[in-house]
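Student: Straight from TrEMBL, here's the annotation block:
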- 38-60: transmembrane segment (TRANSMEM)
- 72-95: transmembrane segment (TRANSMEM)
- 102-125: transmembrane segment (TRANSMEM)
- 131-151: transmembrane segment (TRANSMEM)
- 163-182: transmembrane segment (TRANSMEM)
- 194-214: transmembrane segment (TRANSMEM)
- 303-321: transmembrane segment (TRANSMEM)
- 328-346: transmembrane segment (TRANSMEM)
- 358-377: transmembrane segment (TRANSMEM)
- 389-409: transmembrane segment (TRANSMEM)
- 421-442: transmembrane segment (TRANSMEM)
Amino acid sequence: MADPEETAPVPVHHALQDIDDAIAGRIMRKIDWRIMPLLFITYGFNFMDKTILSSAAVFGLKEDNNLVGQEYSWVSSVFYFGYFLWTYPTTLFIARLPVGKYLAGTAVFWGIVVALTAACSNYGGLVTVRFLLGMAEATVSPALMFITSTWYTRDQIPKRTGIWFAGNSVGGIVASLLAYGIGHIEDKVGPWRWMYIVLGVATFLWAFFLLFLLPDEISKAKFLTVEERQWAMDRVVIAGTGKTENTTWKWDQVLECLQDPKTWLIWCIALLCQIPNGGTQNFANLVIKSFGFTSLQSTLINIPYSIITVIAISGTGWLAGHFRSLNCILAALIVVPPVVGSALIVKRAAIPSGASLFGYFLLSTGPSALPLILSLIQVNFKGVTKKMTMTALIFIAYCAGNIAGPQLFISTEAPTYPTAFRAIMTCYALAICLCILLRFYLQFMNTQRCKTEGIESSAGTSGAVGGKVNDATDGRTVTEIINEVQLRPEDYDDVTDWKTFGFRYRL
């Protein structure tokens, strides 16, 4: 690793000289109120459009499309084949194209595909639109991760990721209410078709909000003044994971990502958490019906499930942002309830039905693991190409898990699906073990870097900038550090975590 003291300081500028915390807070509120609602609502649509299939299945979609045997499982899984196909190309485009316009264009296409699902009348048609929907939605999560790491510091990323990821569960609540309301419609079109038409049109219209309101990069954010933009950029250089503007794709960073042990530990955790997700997401309403509820009741029961998930995602995101050594522990703890819940469902024949339903609600904290994993990527991978390569890999794991998950729900085992819930229990238990192992590895790497570099450093900053390592834990705020640090041209370089002096990993 290069010693940052080797290069003599070359003054560049200060961002908003003598800014105080009050002004900094005002600027951050402007950024939050512009960026976070757009990401939150986009992720809500992303979830609703993907998972409305579960509600549609109990309102006639299976019968109207003549699905038999494992065909419904394949309709669920094929979405992730499309997602898988487009995952790596879209990460290249996100890093190279204006991200706001690219995301908006994607939303136009995905809204059209959702609406066209209503025109399907057979298995082939459903497989086609679900595959295309997977391709369209492959852009959403990587783009939102890229935007979050562009605008926010390492301490802020977990909380902000938790906020927009909670759009998933809020979208689940809205989708359940929508399905319940539309489920009362009795006409020739049919409730399940109206669900897709309404969501498809809404997504299409939302794309124009993204087009006009979401900035492509900090330097083009018209809702900030020129000085505020410079302050926002310098802030993420000092306390984030570096600037993301005007970067090029670097194949040495791809190789470094593939050689990094934490890459594969995180990848395996994501895979193990997504196998359960793929099944429960698409079979949720069918499982609830097996407890003796009607189709309409099954849509309402998912509302408290989603509320629990919102609380778990928001709460763990807040904790991970405030405590730099809690992320892995939280990821492990949050999947303990699903281990217990799946065990209860497996034993449903020998226990009261109320206990089985309670077990189903315990599964609701499982989705909270993914935003914690995504936060680990955003805060611990430095270098645009390295981070986007890891992003592509994590969503390949996401696809593999969600492809495999529905296949564990074997049609001949309906409605209890014992094989599926045994697999869910096993996957989450293994994920707990790997989260603990990942924490020990990151702690070991921090200790080794301290010994090698001869300095203590912080997991809240970018490492060495302005010729030295700065740490907001020494009594100074990030705002004070920005005022004091004289950034140099090389501080804006696109450098990885391995090659950044003073960089420390969040645990």
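Note: Cβ is positioned from N, Cα and C throughout, glycine not excepted.
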Student: Can you tell me which parts of the same chain pack against the transmembrane segment (358-377), counting only residues 6+ beyond its ends and a CB-CB cutoff under 8 A?
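Tutor: Hits for the transmembrane segment (358-377): 141, 145, 157-158, 161-162, 165, 168-169, 266, 269-270, 273-274, 276-277, 280, 287-288, 291, 304-306, 308-309, 312-313, 316-317, 320, 327-328, 330-331, 334-335, 337-338, 340-345, 348, 387, 390-391, 394, 398, 424, 428, 431, 438, 506.
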Student: Under an 8 Å Cβ to Cβ limit, what residues of the same chain, 6 or more beyond the ends of the transmembrane segment (38-60), are close to it?
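Tutor: Sequence-distant neighbours of the transmembrane segment (38-60): 72, 75-76, 79, 103, 107, 110-111, 114, 130, 133, 137, 140-141, 144, 147-148, 163-172, 174-176, 178-179, 182-183, 190-192, 195-196, 199-200, 202-203, 206, 209-210, 213-214, 281-286, 289, 295, 298-299.
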Student: Tell me whether the transmembrane segment (163-182) sits in contact with the transmembrane segment (303-321), defined here as at least 3 Cβ pairs under 8 Å among residues 6 or more apart in sequence.
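Tutor: Yes, these stretches are in contact.
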Student: Grab the same-chain neighbours of the transmembrane segment (389-409) for me: Cβ-Cβ under 8 Å, and only residues 6 or more beyond its ends, written as numbers and ranges.
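Tutor: Cβ under 8 Å, 6 or more out: 70, 73-74, 76-77, 79-81, 83-84, 87-88, 91, 134, 138, 141-142, 145-146, 253-254, 257-258, 263, 266-268, 270-283, 370, 373-374, 377, 381, 417, 419-420, 423-424.
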Student: Which stretch from 72-95, 102-125, 194-214 shares the most C-beta pairs under 8 Å with the transmembrane segment (131-151)?
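Tutor: Most Cβ pairs under 8 Å with the transmembrane segment (131-151) come from 72-95.
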Student: Which sequence positions outside the transmembrane segment (303-321), separated from its termini by at least 6 residues, show Cβ-Cβ distances below 8 Å to it?
Tutor: 155-163, 165-166, 168-170, 172-173, 176-177, 284, 327, 330-331, 334, 360-361, 363-365, 367-368, 371-372, 375
